[in-house]
Amino acid sequence: MSSTFRAPAGAATVFTADQKIRLGRLDALRSSHSVFLGRYGRGGVPVPPSASSSSSSPIQAVSTPAKPETATKRSKVEIIKEKSNFIRYPLNEELLTEAPNVNESAVQLIKFHGSYQQYNREERGGRSYSFMLRTKNPSGKVPNQLYLTMDDLADEFGIGTLRLTTRQTFQLHGVLKQNLKTVMSSIIKNMGSTLGACGDLNRNVLAPAAPYVKKDYLFAQETADNIAALLSPQSGFYYDMWVDGEQFMTAEPPEVVKARNDNSHGTNFVDSPEPIYGTQFLPRKFKVAVTVPTDNSVDLLTNDIGVVVVSDENGEPQGFNIYVGGGMGRTHRMESTFARLAEPIGYVPKEDILYAVKAIVVTQREHGRRDDRKYSRMKYLISSWGIEKFRDVVEQYYGKKFEPSRELPEWEFKSYLGWHEQGDGAWFCGLHVDSGRVGGIMKKTLREVIEKYKIDVRITPNQNIVLCDIKTEWKRPITTVLAQAGLLQPEFVDPLNQTAMACPAFPLCPLAITEAERGIPSILKRVRAMFEKVGLDYDESVVIRVTGCPNGCARPYMAELGLVGDGPNSYQVWLGGTPNLTQIARSFMDKVKVHDLEKVCEPLFYHWKLERQTKESFGEYTTRMGFEKLKELIDTYKGVSQ
């Protein structure tokens, strides 16, 4: 796994003097309580089973051989996955009970199916359980039929709202257990999926939501689709559970099938229904984003893998720069956990991208820690090993050397709000949605427009929505009806709101410590009032992100001003991100009560206005000044009239 979590002799990856990697035999797959499925490990090496195979028996992990007595223990989730018969048991039994909830093992497994069990934390008495469903939409693409289906499901089986997420998907809250199969099957039968939207596997693959008819944008979105297909589970557990085994999958591109099946460098589990994942899947969640030069709408460096299209002087895509090791989650006051930006690993030709991505995923699969989930993301493996060692190991699975990264221009955050020409005679319209929550008159009007004009939509990584393929003659009536529902053009939306994000937090998220989505409207109004008080112009802005806990779902550690839940009605304040999302923030103050935000922020905004350099953003200013000086400015601040 990692440098502190070793496989047994004969199965471990071994570094020789010249740093080559020897992928040895997987020995001794034995367990007193489980059965190994099949007769082969990685690369087709025979492995003796401890008992005869049985499709109904718990399954020994192909990728995790039985450990000797001295081996590091595995987390309980690893044991649950091992015994689940490829993410089926005991979820399949729990769904049939009369109880409104499922047991602990099933809670972990249903994540792989795209759902979290929740309850309303503000209700007293017994817990009223429900389930949140999350769709999987590579590049944020939502066909017209799927949007209308999700809109219907929210009203009939949810809480009457849809939520657009920071990974370009829908979240549907409030689904009762008894309705799960109906809702899931409806999504599947209407061009959607929730498979892998949660759980220890590749999540939704991001790409710019703009439907430009440009070679690099189209290629980025095609690549995102192909990576999503490559890393999608193959064992059928999802369709078995929700549509009785009926397959609703489109034909995969041949290059995806070829890359998945290729085992030239010992990446696959031979004869396993999960050739890439095995029975243990990945140690933790895994996130991928694809984009084009300059377009950082996807928060590229926060992903486990970031992929950037590189084109020649004629605009023809030639290959990709790849970044590895980003991730946001951390734990308060536990310095061994941290947010981290991805770093360059190299360049690959366009025909090799699926093989390179697969090699990176397999490196994490084989070496990521499985004993302590706090340290199981790939960022900790790379931080432990260093990028050079990580690259060496990946290259053994890739079968080639990475080329030097190509030089790229500066990044920009692109929101795609407002009207834009697609390049094919049609238009697209980006609409700001506060915290991604679509409800009320906004929801009703969006449905009417999308249904009337048969529009496909896309979800952005900033929780907004894009209406696609709009004819010129439709622009005026669509603009008018949207404005009447509060879906305004960007010139009428506060610049602070346009870049702000928040996670759902209370009342349904089990990890929330304090408010986020429900708290951010007031926070943004107070920041605007502070701007006015210190003399900052209306068109000036600061990237503000709010989360209810330190797990970082709204990527607060990239914000210029990040507020991270740190107790009831209090936040940890983070400063130092940049508007183009290329610099990570740092923790500035702990446990700042929400009613004390003016005491902290107003002096900083005031001195930023007075002391900033030309075009210096708030995040750049706070980094240049340093935290010691900033705290001094807060302590000595006597108001605007000083």
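Glycine residues also receive a Cβ, built from the backbone N, Cα and C atoms like all the rest.
As annotated by Swiss-Prot, [4Fe-4S] cluster binding site applies to Cys503, Cys509, Cys549, Cys553. What Swiss-Prot lists as siroheme binding site is Cys553. According to Swiss-Prot, the feature region 'Disordered' maps to 46-74. Marked as transit peptide by Swiss-Prot on the basis of sequence analysis: 1-61.
Feature map: Swiss-Prot annotations on the structure.
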| residue | record | DSSP class |
| --- | --- | --- |
| Cys503 | [4Fe-4S] cluster binding site | coil |
| Cys509 | [4Fe-4S] cluster binding site | coil |
| Cys549 | [4Fe-4S] cluster binding site | coil |
Quiz item: Within the chain of Cys509 ([4Fe-4S] cluster binding site), which residues six or more apart in sequence place their C-beta under 8 angstroms from its C-beta?
Solution: Gln118, Cys503, Gly548, Cys549
Quiz item: Within 10 angstroms of the C-beta of Cys553 ([4Fe-4S] cluster binding site), what count of other C-beta atoms is obtained when all protein chains are considered?
Solution: 22
Practice problem: Look at each of the binding-site residues, Cys503, Cys549, and point out the one with the fewest other Cβ atoms around it within 10 Å. | Solution: Cys549
Quiz item: Beyond Cys503, Cys509, Cys549, Cys553, what residues of that chain have CB atoms within 8 A of the centre of the [4Fe-4S] cluster site's CB atoms?
Solution: Pro504, Ala505, Leu511, Ala512, Ala516, Thr547, Gly548, Asn551, Ala554, Gly565
